[in-house]
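Q: Pulled these features from TrEMBL for this protein:
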| type | residues | note |
| --- | --- | --- |
| BINDING | Gly17, Asp79, Asp80 | Ca(2+) 1 binding site |
| BINDING | Asp39 | Ca(2+) 2 binding site |
| BINDING | His368, His373, His552 | Fe cation binding site |
| DOMAIN | 2-118 | domain 'PLAT' |
| DOMAIN | 117-675 | domain 'Lipoxygenase' |
| SITE | Trp103 | site 'Essential for stabilizing binding to COTL1' |
Amino acid sequence: MPAYTVTVSTGSQWFAGTDDYIYITLVGTERCSERTLLDKPLYNDFERGAVDSYDVRVGENLGDIVLVKIEKKKYWVHDDWYCRYITVKTPSGDYVEFPCFRWLVDDKEVVLRDGRAHLPQDDKTSLVKQHRQKELDMRRKTYRWKEWQPGFPMSIDANRHKDLPRDIQFDSEKGVDFVLNYSKAIENLFVNQFMHMFQSSWSDFADFEKIFVRIKNTISEYVMQHWKEDFMFGYQFLNGCNPVMIQKCTKLPDKFPVTNEMVSVSLERELTLEEEIEAGNIYIVDYEVIDGISANCTDPCTLQYLAAPICLLYKNIQNKILPIAIQLGQTSGDHNPIFLPTDGQYDWLLAKIWVRSADFQYHQTITHLLKTHLITEVFAIAMFRQLPAVHPVYKLLMPHIRFTIAINTKAREQLICECGIFDKANATGGGGHVQLIQKAMKCLTFRSLCFPDMIKARGVDKKEELPTYFYRDDGYRVWEATKRYFVSDVVHIYYTSDETVQEDEEIQAFIKDVCSFGMQDFDYCEFPKSVKSREELIEYLTVVVFTASAQHAAVNFGQYDWCSWIPNAPSTMRRPPPNQKGLADVNMIIESLPDRGRSSWHLGAVWALSQYQENELYLGMYPDEHFIEKPVKAAMEKFRKQLAEISSSIKRRNDGKKLPYYNMSPDRIPNSVAV
């Protein structure tokens, strides 16, 4: 009798093994095998991390093996099982691989196709067409859209992490429990003695060191020592954790009436302000989107305040970016003075602190939450709904959306919900963060997610003009490597022409689902509803991969570096912005900065958010082999080599620097948004 050898690989994560009964049916082009129990006598099958082999005997040859059906039946109590892959060795000695990488829960079955990727138009037999459609029908019932807040990108229809499909849950929910992690961080940082001391101000700047001294690192310590300096203030717009705000100033806005007389003492080239603008040496940062946002009022004992400042920056003859004028509101007038470096030292320092606080709000809510977490979730849900596991784009994107829906669901459950952790220490807590995202959505376009377009739109694309803008330089290189050495190669392997892209109904449905449902077809978002060429598809997929990996890493993992010294990134302000000069002194600044309790929660947050996952997978690491074809594996290897070269050159550049920039180094970029 012909025999097929079936090799089964069980996952190595916690609780991946099972004691339940596992059955297999081989489906060939000629006939099917009998339903066969996979069991060895006196052997504990399907243990965590195990690779087990079994013989499946048949009466006649099955033909080419097309599908493998796996069923799990309860032995004693339901015991979930994570199957990595199944390999079938045919009687003629050929091997057929069936990637799985999913959980079997309850008395469920999974039907797998072999690991070769296929476009929908490539499938010719009714058997594989039906399998493809059945998988999508099931997924659309499982992965449903839901509007968490009006005007937000759509999210998954699940209120809690445990309500999610098992395949997209974290392996261990404990590892991403925000309350647990923040409390653990506060304990590890030895600030738990302060965490309940709300309304209790620090005595002076040095007093902040009480919650800082245990956790020094190169950058955060340097920030603590130099945070008052104009150079440090300006540098963060280039390479801090929110390096997306600075833009070339080609004309001063009417609402910000800075005159040459005000700033001439700060200009070094013997040019007027107008001439410096024409020469391309003036930059601007405007937090207009924060104007009108409600400040946190969840604690009746502490009034909290927001401002929407505008800041003028000057590139001096040493190519340093320095602040030369700050207005703390959007409307000019006597009540809203323009603060200058020539003002009293505390007036100027307090104005800069207000800008840093506004930058923190913008960073947390828009740059980080909206433009990486929530946007990547939209791509992930659309992928699950419209692309079957056999589709090459599903295989390409899967590692880059790993755990994203899970971390976002957990955030909605504990972090940004009503009375969540966000409310404890942030000026935009208590609903302001919701308003901020609703406003920011009105100017979020697809092009603003394309890294080169985003850089160029702000007029900061020329290296000779801003030679120390490392976020831009490293981002360009990672974007280009991702696009040219990975996404482009994979697209060209499976799509032989632009017509092939147009004829792929599933990829068109994916693009349309993102726009029409995920982004709710908002008129202003300008997300494409279809792709007509390979080049358009390559750019679209590069946006997904880059946003989920490099962009998220750039704006997430530097948070402890730049925000742990509280006066450099206050999460809230307890006094209103000054409406006249000459009022500020040390006491006023200390009373404006977060109290001891809020400082401790803030510190726990930025520490916890800056931690990498256990067993982190970095860009280019694809241990789950969704692709089995050699050309794709060769493209991945080429991609990894390119990334390694970028990492090496960044390391060489950083050597000896007091302020190294490594947030865009590929060896520190996780594949997906999972923190």
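We count from 1, first residue shown onward.
Just so it is clear, glycine is given a Cβ too, placed from its N, Cα and C backbone atoms.
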Q: By the count of other Cβ atoms within 10 Å, pick out the sparsest of the binding-site residues Asp39, Asp80.
A: Asp39
Q: On a simple 10 Å Cβ count over all chains shown, which one of the binding-site residues His373, His552 is most densely packed?
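A: Sorting the candidates by Cβ neighbours within 10 Å, the top entry is His552.
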Q: Listed binding-site residues are Asp80, His368, His373; which of them have CA atoms within 10 A of the CA of Trp103 (site 'Essential for stabilizing binding to COTL1')?
A: Asp80
Q: Taking each of Asp39, His368, His373, His552 in turn, which of these binding-site residues have a Cα lying within 10 angstroms of the Cα of Asp80 (Ca(2+) 1 binding site)?
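A: Checking each Cα against Asp80 (Ca(2+) 1 binding site), there are no hits.
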Q: How many helix, strand and coil residues does the domain 'PLAT' (2-118) contain under DSSP?
A: 0 helix, 59 strand, 58 coil
Q: Give me the Cα-Cα distance between Gly17 (Ca(2+) 1 binding site) and His368 (Fe cation binding site), rounded to a whole Å.
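A: Just about 36 Å between their Cα atoms.
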Q: What whole-number Å value do you get for the CA-CA distance of His552 (Fe cation binding site) and Asp79 (Ca(2+) 1 binding site)?
A: 35
Q: What is the set of residues, excluding His368, His373, His552, whose C-beta falls within 8 angstroms of the centroid of the C-beta atoms at the Fe cation site?
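A: Counting only non-site residues, the set is Thr367, Leu369, Lys371, Thr372, Thr376, Gln551, Val555, Asn556, Val673.
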Q: Give me the sequence-ordered set of same-chain residues, not including Gly17, Asp79, Asp80, with a C-beta within 8 angstroms of the centroid of the Ca(2+) 1 site's C-beta atoms.
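A: Nearby residues not in the site list: Phe15, Ala16, Thr18, Asp19, Asp20, Phe46, Trp81, Tyr82.
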Q: Quick check for the class: what is the C-alpha distance, in angstrom and rounded, between Asp79 (Ca(2+) 1 binding site) and His368 (Fe cation binding site)?
A: 37
Q: Sorted by position, what residues of the same chain at least six away from His368 (Fe cation binding site) have a C-beta under 8 A from it?
A: His552, Val555, Asn556
Q: Would you report the average pLDDT that the model assigns to the domain 'Lipoxygenase' (117-675)?
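A: Result for the domain 'Lipoxygenase' (117-675): average pLDDT 93.
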